[in-house]
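Sequence annotations record features per position, and here TrEMBL assigns topological domain 'Cytoplasmic' to 1-7. Residues or ranges marked as topological domain 'Extracellular' by TrEMBL: 29-145. Per TrEMBL, heme binding site is recorded for H123, Y127.
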Amino acid sequence: MKAKHQRLILALVALVGVGGAGVLAASALRDEAAYFRTPVEVAAGKTEVGEAMRLGGMVAKGSIARQADGLTIRFVATDGKASVPVEYKGIVPDLFSEESGMVADGRMRGDGTFVADRILAKHDERYMPPQMGDMPKDMKAAPKA
């Protein structure tokens, strides 16, 4: 076989390999892709039942209700203009509380409730873990390199 044909075959094999890897990556990402929605968008009907998405907003004051099983909680996510009831079964993050920001991954149920598979608590850049609250200010500063 001539060197020219060998290079052509090698290039075609490489092209097929890269294309196959791209298809595998795209199919893996398709399962993980989720649109971010706000309560206003959900209330406006921009979501479908069973659609995987992320719901972001604030936990409404007085809305957290723990169920008898000890793991399930129900609360209301709001953005100040609309509200969406949320149900989650699992352990919530330490920073999860009323009037705090949150992002939940999950799906809409037919009754208008968002069923979360995972909840993330949001905090601002000034967050300080509770155990650091009692430390003197000079110890809280970042170490100098």
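Glycine residues also receive a Cβ, built from the backbone N, Cα and C atoms like all the rest.
Curation does not apply to TrEMBL; its annotations are automatic.
These figures come from a predicted structure and were not determined experimentally.
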The DSSP breakdown of the topological domain 'Cytoplasmic' (1-7) into helix, strand and coil residues is 5 helix, 0 strand, 2 coil
Confidence over the topological domain 'Extracellular' (29-145), expressed as mean pLDDT on the 0 to 100 scale, is 81
